[in-house]
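Trainee: Feature list, courtesy of TrEMBL:
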type	residues	note
TRANSMEM	B:6-25	transmembrane segment
TRANSMEM	B:46-69	transmembrane segment
TRANSMEM	B:75-95	transmembrane segment
TRANSMEM	B:146-170	transmembrane segment
TRANSMEM	B:182-200	transmembrane segment
TRANSMEM	B:240-265	transmembrane segment
TRANSMEM	B:277-298	transmembrane segment
TRANSMEM	B:368-399	transmembrane segment
TRANSMEM	B:420-437	transmembrane segment
TRANSMEM	B:443-464	transmembrane segment
TRANSMEM	B:476-495	transmembrane segment
TRANSMEM	B:515-533	transmembrane segment
Amino acid sequence: MGEPERVQTLNEKQNWYWKKNIKFISGLLVIWFLVGLGGGVLFAAPLNEVPFFGVTLSFWIGHQGAILVFILLILSYAIRMDKLDREYFEKKHEN
Amino acid sequence: MSVEVITIIMVLFTFALYTGIGWWSRVKDTSSFYVAGQNVPTVANGAAIAADWMSAASFISMAGLVAFLGYDGTIYLMGWTGGYVLLALLLAPYLRKFGKFTVPDFIGDRFYSNSARTVAAIATIFISITYISGQMRGVGIVFSRYLQVDIIVGVLIGMAIVGFFALLGGMKGITWTQATQYFVIIIAFLIPAIAISLQLTGNPIPQLALTSSDIVERLSTIQVDLGMTEYMAPFTNLSLLNVFMIALALMAGTAGLPHVIVRFYTVKNVRAARWSAVWAIIFIALLYLTAPAVGAFAKYNLINTIADQPLEEVQDIEWVSKWETTGLLQFDDLNGDGIVNFAEGSPDNEVVIDKDIMVLSTPEVANLAPFIIALVATGGLAAALSTASGLLITMSSAVSHDIYYRIFNKEASEQQRLRVGRLSLLVALLIAAYVGINPPGFAGEVVALAFGLGAASLFPVILLGIFDKRMNKEGAIAGILSGLIFTLVTISLILSRTIFGTEEAIIDSFFGINAQGVGVVGMVINFIVSFIVSRNTPEPPIEIQQLIENVRAPEMDNSHFEAAATKESE
């Protein structure tokens, strides 16, 4: 079945904005997965041998560390998107 | 003054406060009834999201669940906050840009189908009722213990307060009330946590005391000595596969919660939606970083107070006898030696303790001042009521906006819609009161079902609606139905003993995945089915594709925004 051509109403600059957005979200979600489900679950057994202050590293990630990383992810998304909005504004008014 | 009197005074004071705020911000038009007129400041909206999000489960149950699951309690800590990341990054900004009233609105418009709208509205109503029943159980526990009233009376008082300002104020009234409730919730959670942390570790910051002190390590050792599982070691209560699946199911299920998503419609623009999310996660994390400390400290105190002590002495302790009368704490001297044998999970265990009383009893176990005990009760009520009111609004808008206005009566006037909105809110209130007074015997299972169904139905469809332009009506409906049916059937089979009353569970698990985690499989099925079906059926109409493109375009291209930005840069 042939793939018909899609409607494309975003102009070049809008497309650039959307692609940047997707790239950034993907990066953040990779960190989200590695820290939360990786460090807290998949690699919990080996990391349980690593001491972290009074507890083990995996215990800390599972109970507190992952949540701290989650805050940073959402914060960096808001900051980065503000910057992207500004870059887009400048790009749009270049010519 | 007794604890009960102080509790009544504090509860009355906060209820008066919430009611006053509901009155002050009452509304008259439909738009403010559903989404607060989109003029709520970012920080207030963040606090309201946090209060909406943190239900009786977060305040009353979570630390107790963590105390008994140990390491594996991460499924709740990480599952609920991790889901918030998905919501903030993948759903909230785009749904705000789309700019409609409700989740079924997005699904119905994006998939140009009233069937999709109806399915989404029904899922919304089901998830909301399930959640409200959980909140009502929280209200019931608090009232029955601290106000010494009958559960029925307690639930009715709670419903009257929620109903009063929800009917009066709609979403706007609720937003300001919830922002206030957040501060009641967090103060009520932090003060006893700080006190107990000081007492046990000498460190006034419970979040840090969890790792810097040796309490967790000592708790691990004590638990092993008593015959329980090791507190700090992973996968002693749940397998790795189940921890992974349940965490993921809670994440996806939480991200699809309609009453939280709708919050992001109440901000000015997309940028404000992103920053509301930042504030909300900070507010939420304040409680979620404290909960594991409360769980570990409370468990440590509890074991030291009752384990291996003479049963008669234990039963003489005031808080023990009061909780015993509620039936949430029970002793049974199996071996007849007069000593309390506390070994959760082993056959010799003589203590049956409801996990929901851990947080509420913490200040009493630690011998803290009566006003702190009253404060915790007030906070538990605030958590339950703030979530219940958000759910009521979501449920009534699914009925009045998505079903009545969009499907049955497209010519309905603003007045009529508002009337139907309030009427359905009233009906929802009555159902919630009924469920609160007669909670279903399988409340825990129903909650698992709600998260699983959310993960398998709403979450994938909203996600694909934004990120897959080629996704069409046929794909979305086939995806929702296959995800829903698979999850519903599998959970029913696993929990057949409580749901159908069979002797044995029809299946033990789905290839090792238990009922709480099986929603993830439903979600994967939803993704696969909707992909295959959409690629073999006609692509969505041109105006829908343009709609999606518009959601993706920078907000700045909206004309009023452009003007503001130009002015700013000059």
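Glycine is no exception: its Cβ is also placed from the backbone N, Cα and C atoms.
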Trainee: Please figure out which one of B:46-69, B:240-265, B:368-399, B:420-437 racks up the most CB pairs under 8 Å against the transmembrane segment (B:515-533).
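Mentor: Looking at each of B:46-69, B:240-265, B:368-399, B:420-437 in turn, the most contacts to the transmembrane segment (B:515-533) are made by B:240-265.
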Trainee: Pairs of Cβ atoms less than 8 Å apart decide it: which stretch in B:6-25, B:182-200, B:277-298 has the most with the transmembrane segment (B:368-399)?
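Mentor: Ranked by Cβ pairs under 8 Å, first place goes to B:182-200.
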Trainee: Examine the transmembrane segment (B:240-265) against the transmembrane segment (B:46-69) and state whether at least 3 Cβ pairs sit under 8 A, considering only residue pairs 6 or more apart.
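Mentor: With 3 or more qualifying Cβ pairs, these stretches touch.
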Trainee: Taking the transmembrane segment (B:182-200) as the reference, which of B:146-170, B:277-298, B:420-437 gives the largest number of Cβ pairs under 8 angstroms?
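Mentor: Ranked by Cβ pairs under 8 Å, first place goes to B:277-298.
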Trainee: Counting a contact as 3 or more Cβ pairs under 8 Å, with residues at least 6 apart in sequence, do the transmembrane segment (B:46-69) and the transmembrane segment (B:75-95) touch?
Mentor: yes
Trainee: Does the transmembrane segment (B:277-298) come near the transmembrane segment (B:75-95), with 3+ Cβ pairs under 8 Å (pairs 6 or more apart)?
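Mentor: Touching, yes - the transmembrane segment (B:277-298) and the transmembrane segment (B:75-95) meet the threshold of 3 or more Cβ pairs under 8 Å.
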